[in-house]
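Residues or ranges marked as transmembrane segment in TrEMBL: 77-102, 129-146, 185-207, 219-241, 297-317, 346-366, 387-409, 429-459, 480-508. Taken from TrEMBL, the feature domain 'STAS' applies to 536-683.
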Amino acid sequence: MLHGEDSCTAVEDGGEEDQHRPLILERIEKETGRTWRTVLSQRLRKHCSCTPEKAKSRILSFFPVLQWLPRYKLRDWILGDVMSGVIVGILLVPQSIAYSLLANQDPIYGLYTSFFASIIYALLGTSRHISVGIFGVLCLLIGQVVDRELALAGYLPESSLSGNDSSVPLAGNDSGVVGCDRSCYAIAVGATVTFTAGIYQVLMGLLQVGFVSVYLSDSLLSGFATGASLTILTSQIKYLLGLKIPRPQGWFTLFKTWYGLLSNLGNTNVCDLITSLVCLAVLIPTKELNDRFKSKLKAPIPFELFVVIIATLASHFGHFNTEYGSGVAGAIPTGFLPPQMPMWSLIPNVAVDAFSIAIVGFAITISLSEMFAKKHGYTVDANQEMYAIGFCNILPSFFHCFTTSAALTKTLVKESTGCQTQLSGLISALLLLLVLLVIAPLFYSLQKCVLAAIIVVNLRGALRKFTDIPCMWRANRIDAFIWLITMATSALVNTEMGLLVGVLVSAFCVLGRTQRVQVLKLGRAMTREHYEDLASYKGLQTHPNVAIFRYEAPIYYANQSLFKKSLYRCVGLDPVKEKSRRVKFQNSKLQEEAAGVPTTSRYLRRIVIDCSAVLFLDTAGVNALKEVRKDYGELGVAVELAQCKTSVLDTLERGGYYCNQKGGDAGENRTIFFTIEDAVRHVESRSTPNGDYKS
């Protein structure tokens with residue numbers, strides 16, 4: 001290989017002889033002599049030095065509100081931000097109360113969560129459009145942890161409580177908090193999980209690992225959300241029917257829940273059932289109307305809020321709780337409770353759960369952020385998003401809140417109603433503050449079955465993914481397979497396990513694609529110096545005495561043996577078996593004619609391997625290429641590499657691929673071919689080496 005100082009030159013085509021010379025490029029030598037101490041010192045000076053300009057830049061990047069607020073276009077943006085903030089705030093009221101039920105928390109804590117998350121993300125977030133607050137999948141995960149820890153602490157299940165009394169003492173267990181009733185301990189667990197998840201997210205931001213979101217593919221996240229939606233739907237049926245059964249724990253909760261439902265079907269509360277059917281009959285068609293005419297409506301009609309108000313009035317004046325035993329939201333206090341520290345002793349118990357919650361929350365948030373940023377022509381910072389969503393969990397956890405992330409439904413509403421900046425989030429927070437200070441107690445008589453109906457109706461989008469399975473299968477079977485496996489595991493086995501299985505299946509599918517790649521035999525186009533697969537295109541020509549192949553995958557430890565097998569099969573000559581055959585024939589003094597081997601006038605001189613699609617090599621890959629060259633070389637068939645990427649050339653150099661072999665030509669071993677045509681012309685111009693394999 002030819003090396004130069006700092007220039008890139010090409011040998012000009014001068015004459016007939018020069019036209020057959022291979023293209024020669026001189027490499028720019030990389031800077032050498034830098035020790036790890038020098039590199040570390042330079043990076044420390046870069047990242048740890050503090051100047052007024054750098055301090056200002058860091059503060060502005062950590063608080064994006066300081067960048068966009070001074071440039072706020074009041075006349076152009078204020079109307080859209082106010083309208084979207086008010087509409088989203090109206091939607092947040094019933095949804096915050098409803099999803100508190102899913103997280104096994106009192107309604108007031110859902111309102112707290114949406115209030116604080118809206119404010120903090122407006123200050124720290126880089127997306128202009130996403131709505132951060134309560135998200136159904138995270139509420140499900142929080143609720144599962146809360147139920148488990150309540151049982152471990154000795155609190156009676158909710159179904160065993162009489163009326164609305166949740167002041168149940170600990171059942172001889174010291175793991176709870178003395179003087180803390182079931183509701184108090186439930187939010188303590190939820191806040192501790194939220195605090196731990198937020199710490200994980202901030203640490204990932206500090207370590208600059210925002211890129212991890214790329215490993216959670218769209219098919220994986222969609223399958224996980226759909227599987228979790230099935231679990232959410234199943235968990236809400238007991239409220240629709242007015243049944244008081246405990247939420248099952250562990251694996252296969254879907255089957256356990258359905259068993260409990262069917263076993264207690266005779267205990268259905270008729271009042272709750274009728275209310276649920278009426279709410280579903282109203283919400284489903286009205287939601288469809290909102291979706292169908294969203295392009296014509298300036299803002300979606302808040303039918304959920306209307307249903308909540310009407311149902312609350314009907315329950316209050318109809319005495320549904322006292323007369324028919326219907327479960328209601330209960331007392332919702334006004335104002336804010338005093339701050340409370342997380343339960344430090346619980347962190348070891350919930351650390352693993354919090355990690356999966358942190359990953360899901362961030363992945364959903366960054367996916368929606370990037371989607372809307374791309375749509376509206378701006379960029380978001382993945383690591384800053386990690387900080388933002390982390391502090392949306394850490395800070396509110398001291399104020400009786402649970403985990404939050406971006407929510408697709410509310411984000412779509414926010415964008416469609418004219419949102420321009422996160423000022424709309426502050427408007428929504430003001431509306432929630434009004435509810436918290438004045439209106440919240442009025443929801444005392446709101447039936448839980450109404451909240452469950454709101455949750456179920458909002459699952460329509462995720463459940464519609466089942467109708468897309470045929471399209472997904474036709475578009476990409478591997479992505480469809482990942483979706484199905486993740487969905488099935490999340491729904492049927494365990495929600496957290498579904499996420500883990502989805503990640504593992506995705507990784508194995510990527511590895512599997514490198515395992516399935518086959519070596520392709522190439523032919524030359526008749527009118528151009530272009531080579532393509534002979535099995536895919538017609539009219540391609542082959543070169544006499546030269547076989548050209550391409551491998552469209554990296555060559556590394558997991559597929560290097562498959563690469564060699566595929567190459568040997570495509571060449572039609574396994575050098576290892578051929579050498580064994582020759583040794584056996586020599587020992588038995590037999591001639592090839594006696595063995596019945598057909599002979600032709602064609603000789604295989606050289607093999608050219610097109611490496612343009614080989615993204616990288618590892619040590620095993622370099623050794624595999626060495627073995628291929630050595631084994632074929634012993635049969636008199638030379639192997640040349642063409643169109644190698646720079647990184648591949650460096651790996652070959654470090655791996656000793658270009659070291660002189662015994663009896664080899666040093667110059668030839670170090671020749672680099674930047675085109676297939678150069679390699680072919682080069683090998684055709686050389687004399688036939690001794691011992692050519694007669695094919």
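Glycine is treated like the rest: Cβ placed from N, Cα and C.
The predicted model assigns the domain 'STAS' (536-683) a mean pLDDT of 79. Sequence-distant residue pairs (6 or more apart) of the transmembrane segment (346-366) and the transmembrane segment (77-102) include fewer than 3 whose Cβ atoms are under 8 Å, leaving the two stretches without contact. Within its own chain, the transmembrane segment (297-317) is flanked in space by residues 83, 87, 90-91, 93-95, 97, 275, 279, 282-283, 286-287, 289-290, 326, 328, 413, 416-417, 442-447, 450, 453-454, 457, which lie at least six positions past its ends and keep a Cβ under 8 Å from the stretch. Residues 137, 140-141, 144, 215-217, 219-220, 222-224, 226-228, 230-231, 250-255, 353, 356, 359-360, 465, 469, 472-473 of the same chain, all 6+ positions outside the transmembrane segment (480-508), place their C-beta atoms under 8 angstroms from a C-beta of that stretch. Using the rule of three or more Cβ pairs under 8 Å, pairs at least 6 apart in sequence, the transmembrane segment (429-459) is not in contact with the transmembrane segment (185-207). Across 185-207, 219-241, 387-409, the stretch most heavily in contact with the transmembrane segment (77-102), judged by Cβ pairs under 8 Å, is 219-241.
Helix, strand and coil content of the domain 'STAS' (536-683), in residues and according to DSSP, is 61 helix, 21 strand, 66 coil. Beyond its flanks by at least six residues, the transmembrane segment (219-241) meets 101-102, 136-137, 140-141, 143, 247, 253-254, 257-258, 260-261, 265, 268-269, 272-273, 276, 327, 360, 363-364, 367, 448-449, 451-453, 455-456, 459, 462-463, 465-466, 472, 479-480, 482-492, 495, 498-499, 502-503, 506 of its own chain at Cβ-Cβ distances under 8 Å.
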